[in-house]
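As recorded in Swiss-Prot:
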type     : residues   : note
BINDING  : C559, C568 : [4Fe-4S] cluster binding site
BINDING  : H654       : chlorophyll a B1 binding site
BINDING  : M662, Y670 : chlorophyll a B3 binding site
BINDING  : W671       : phylloquinone binding site
TRANSMEM : 46-69      : transmembrane segment
TRANSMEM : 135-158    : transmembrane segment
TRANSMEM : 175-199    : transmembrane segment
TRANSMEM : 273-291    : transmembrane segment
TRANSMEM : 330-353    : transmembrane segment
TRANSMEM : 369-395    : transmembrane segment
TRANSMEM : 417-439    : transmembrane segment
TRANSMEM : 517-535    : transmembrane segment
TRANSMEM : 575-596    : transmembrane segment
TRANSMEM : 643-665    : transmembrane segment
TRANSMEM : 707-727    : transmembrane segment
Amino acid sequence: MALRFPRFSQGLAQDPTTRRIWFGIATAHDFESHDDITEERLYQNIFASHFGQLAIIFLWTSGNLFHVAWQGNFESWVQDPLHVRPIAHAIWDPHFGQPAVEAFTRGGALGPVNIAYSGVYQWWYTIGLRTNEDLYTGALFLLFLSAISLIAGWLHLQPKWKPSVSWFKNAESRLNHHLSGLFGVSSLAWTGHLVHVAIPGSRGEYVRWNNFLDVLPHPQGLGPLFTGQWNLYAQNPDSGSHLFGTSQGAGTAILTLLGGFHPQTQSLWLTDMAHHHLAIAFIFLVAGHMYRTNFGIGHSMKDLLEAHIPPGGRLGRGHKGLYDTINNSIHFQLGLALASLGVITSLVAQHMYSLPAYAFIAQDFTTQAALYTHHQYIAGFIMTGAFAHGAIFFIRDYNPEQNEDNVLARMLDHKEAIISHLSWASLFLGFHTLGLYVHNDVMLAFGTPEKQILIEPIFAQWIQSAHGKTSYGFDVLLSSTNGPAFNAGRSIWLPGWLNAVNENSNSLFLTIGPGDFLVHHAIALGLHTTTLILVKGALDARGSKLMPDKKDFGYSFPCDGPGRGGTCDISAWDAFYLAVFWMLNTIGWVTFYWHWKHITLWQGNVSQFNESSTYLMGWLRDYLWLNSSQLINGYNPFGMNSLSVWAWMFLFGHLVWATGFMFLISWRGYWQELIETLAWAHERTPLANLIRWRDKPVALSIVQARLVGLAHFSVGYIFTYAAFLIASTSGKFG
């Protein structure tokens with residue numbers, strides 16, 4: 001018999017039902033569960049797949065560069081970044097006739113095009129690219145890297161080049177390589193690019209391979225470096241009247257501490273960013289030399305962790321046993337990596353708009369909104385994944401004997417206290433926040449808005465004041481105009497910072513009031529509830545009072561038969577499943593808040609947000625309903641406009657989202673009967689019956705139906721909001 005899918009599991013391949021396909025897809029990446037897997041093959045498969053992932057990333061970024069060079073308008077955008085709309089790529093086949101062709105022909109293009117809201121134009125411009133040829137060169141280089149990555153992945157699966165398990169578990173060498181080799185060297189290389197190419201480019205000097213050895217990045221060359229007069233590199237920075245991309249008002253400094261933003265581009269000073277990357281490079285190059293490898297000097301991770309026993313005895317045996325637990329569990333390591341990556345992705349979202357790094361991106365409002373929302377959603381999925389793999393670690397890899405009385409075991413021992421505290425925090429936040437919103441709703445409904453309960457966020461305002469915001473009148477730390485810190489800030493360090501904080505047209509320390517106070521606590525409710533579900537799922541993954549033997553059932557079990565009440569819906573997978581709904585809900589509130597606050601800031605009517613955000617009807621009517629009007633008018637009796645594609649996506653997103661409920665709520669047997677009926681009709685229809693249906697249809701398992709429902713819910717939710725966000729922002733700001 002020919003090999004059937006899935007090849008990695010003979011048991012599944014012989015299953016005569018549709019389970020074969022579903023379970024095959026579900027376990028394709030669960031290498032640990034495959035036939036004939038060994039620890040060595042497991043590590044080698046994961047290692048090789050990393051190269052495949054890199055190849056895909058390089059191919060994708062190469063495609064971005066290639067399509068903009070081929071079909072975009074980069075060169076004309078560079079001439080006037082604030083008024084030319086950047087083109088992502090052409091639309092080959094615009095449906096709906098001539099009106100569609102006209103609606104989508106913009107940005108100076110000859111035919112229908114898509115506008116870029118990803119910020120790549122601003123990024124490429126900032127780092128010194130200027131022509132289509134530059135973009136093609138970059139695309140080819142990344143294509144080359146993609147091919148190299150594929151070859152490397154294939155190579156490391158060949159017997160001669162397969163690394164051993166001991167190589168994968170050599171924590172110190174990996175730390176040194178990642179810290180120095182990846183972070184340190186790449187940050188240093190990026191500093192080099194900024195100093196040699198980007199900064200001269202911002203001053204009208206076009207540096208390429210043919211002249212980069214002749215153009216001095218700084219008039220004094222390397223002299224100040226070798227004589228220790230490093231401050232010379234900071235002297236004569238670009239002036240406030242500097243026109244980006246020209247020599248007008250340009251200085252000669254390459255590494256500065258100006259603070260604040262370039263007045264024309266509204267982005268951070270390139271010379272500040274070069275300085276930042278140089279400092280990062282230095283720190284990581286040092287950090288990558290701290291761990292003991294071939295030379296018998298430096299730290300051993302195991303010794304470090306074994307020594308971490310707090311003397312008070314309140315953490316028991318501290319970190320004893322953690323080294324082997326972490327180093328031998330891929331799921332623990334993946335959980336740590338996902339948690340870190342999730343947090344950093346959310347930080348990227350917060351910093352991209354408040355401290356924009358790319359020239360003119362702060363004035364491209366739709367791009368700002370799209371990038372913020374994109375990074376927050378990505379962060380949410382990555383963070384929930386961290387807890388999922390934490391739970392799998394507890395089920396598959398945790399060894400109680402190895403971790404006796406250390407911090408990990410103690411966390412499991414007092415999980416009731418952790419879970420109940422999180423529960424209490426969630427209940428407190430939920431009831432109080434909803435109570436305030438609903439009270440305010442009722443007051444407005446009864447025509448007595450002055451009876452709202454409006455709470456000023458005085459602690460947050462105090463923190464903003466401490467960082468230099470003067471409008472609240474707190475007169476503390478950096479906002480105290482006669483204090484030593486304030487005076488030093490004016491002259492020695494970051495003189496531009498205080499100007500930027502108090503300039504009301506950017507997004508640094510937005511002025512906050514009662515509406516912000518309420519939505520902050522609504523978001524806190526979402527964060528705490530999501531965390532509660534995820535933490536409970538992981539801490540109860542091995543067992544609970546109700547089901548002490550839970551770990552024997554694996555990560556995703558539906559129930560333990562009809563004879564054991566209460567064992568349904570309590571697997572670690574169910575916790576992940578529930579948490580994703582809360583995560584999406586929370587990020588919905590976060591992005592609504594960000595978007596509405598910024599729309600009113602950009603339009604110059606901040607009072608609309610301040611007055612309407614203190615009650616729920618305000619959010620529903622003045623944010624969602626009011627801003628969806630343009631979107632819904634993408635098609636109307638008079639024809640169509642360039643928002644029509646978002647109108648269609650908005651409807652389609654709702655459709656996908658609603659489809660999710662059919663799987664989340666319907667009986668699963670309904671689907672089995674439906675599929676059987678379709679199969680019956682299929683086999684009795686000429687031509688169609690040439691393709692035989694081999695697998696007997698069986699109902700989706702409970703877990704599968706939930707997964708399909710969750711996938712539709714998530715995808716539909718994000719599609720719907722993406723269309724709303726882009727249409728409502730681009731419809732207002734051209």
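For all residues, glycine too, the Cβ spot is worked out from N, Cα and C.
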Which residue among the binding-site residues Y670, W671 has the fewest other Cβ atoms within 10 Å of its Cβ, if you could check?
Y670
Please indicate, using numbers and ranges, the residues of the same chain that are 6 or more beyond the transmembrane segment (135-158) and have a C-beta under 8 Å from a C-beta there.
44, 47-52, 54-56, 58-59, 61-63, 65-66, 68-69, 74, 124, 129
List, by number or range, the same-chain residues at least 6 past the transmembrane segment (175-199) whose CB is under 8 A from its CB atoms?
126-128, 207, 212, 215, 217-218, 254-255, 270-271, 273-274, 277-278, 280-281, 284-285, 287-291, 293, 301
DSSP, reduced to three states, assigns Y670 (chlorophyll a B3 binding site) to helix
Counting Cβ pairs under 8 Å that are 6 or more apart in sequence, does the total for the transmembrane segment (369-395) and the transmembrane segment (707-727) reach three or more?
yes
Just counting, how many other CB atoms are there within 10 A of the CB of C568 ([4Fe-4S] cluster binding site)?
14
Who are the chain neighbours of the transmembrane segment (417-439) in space, where the CB to CB distance is under 8 Å and they lie at least 6 residues beyond its ends?
411, 452-453, 455, 518, 521-522, 524-525, 528-529, 531-532, 535-536, 539-540, 614-616
Based on Cα distances to M662 (chlorophyll a B3 binding site), point out the closest of the binding-site residues C559, C568, H654, W671.
W671
Same chain only, please: residues at least 6 beyond the ends of the transmembrane segment (575-596) with a C-beta under 8 Å from a C-beta of the stretch. Say none if there are none.
353, 369, 372-373, 376-377, 380-381, 383-384, 387-388, 391, 516, 519, 522-523, 526-527, 529-530, 533-534, 536-538, 540, 609, 613, 619, 623-624, 627, 706-707, 710, 713-714, 717-718, 721, 725, 728-729
For the residue listed as 'chlorophyll a B1 binding site', what is the tally of other C-beta atoms lying within 10 angstroms of its C-beta?
15
Around C559 ([4Fe-4S] cluster binding site), which residues of its chain at least 6 apart sit with Cβ under 8 Å of its Cβ?
T567, C568, D569, I702
Counting every protein chain present, what is the number of Cβ atoms, excluding its own, within 10 Å of the Cβ of M662 (chlorophyll a B3 binding site)?
14
To the nearest whole angstrom, state the Cα distance for the pair Y670 (chlorophyll a B3 binding site) and the residue listed as 'chlorophyll a B1 binding site'.
23
How many Å separate the Cα atoms of W671 (phylloquinone binding site) and H654 (chlorophyll a B1 binding site)?
21
Kindly assign C568 ([4Fe-4S] cluster binding site) to one of the three DSSP-derived states: helix, strand or coil.
coil
